Structures are given as C-alpha cells and as structure tokens.
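As recorded in Swiss-Prot:
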type	residues	note
BINDING	His37	heme b b562 binding site
BINDING	His51	heme b b566 binding site
TRANSMEM	1-7	transmembrane segment
TRANSMEM	31-52	transmembrane segment
TRANSMEM	67-79	transmembrane segment
Amino acid sequence: TALLLAAHYTADTSLAFASVTHMCRNVQFGWLIRNLHANGASFFFICIYLHIGRGLYYGSYLNKETWNIGVILLLTLMA
C-alpha cells in the first residue's frame, strides 16, 4: 500500500494535504488503500510491542548484545 500511496503523495508543505485529499477523493479506492495502510502499520507496531514484551518476560535483556541490536532496530523502525 505504501507504494500506491507514494505515487500520489507530494512532500511540499503547501501541497501535502491537497495530495492526500486528491488520493482519497479522486483515486479509485484511494480511501481504502489509505485506511489499509494506516491499520496495517498500527497492527505492525502492536506486534513489535508484543515481541518486546515477550523478550522482557523471558529475560532476553540479559543477553546485552542481542538486546542492544533489538533496540537499534526498534529506533530505526520508528525513524
């Protein structure tokens, strides 16, 4: 969905909202693509947080190198 959204998105601050409005109103099923993308991203981050919670529960933070790599990956995902 991100590739389809990126095809219609404009990063210019004066046109960004207009490009989202164009996508939702003028692109066929643009509203559906936008909603699928938003819900999919939310579900992805919920899965990430559950994975972190599982690591905390089972004490994976004791393995410092692996835990630090996981923290770096989490920060990279959020950037």
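Just so you know, glycine gets a Cβ as well, placed from its N, Cα and C.
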Below 8 angstroms Cβ to Cβ, which residues of this chain, lying six or more residues outside the transmembrane segment (31-52), approach it?
1-2, 4-5, 20, 23-25, 70, 74, 77
As a whole number of Å, the Cα atom of His37 (heme b b562 binding site) is distant from the Cα atom of His51 (heme b b566 binding site) by 21
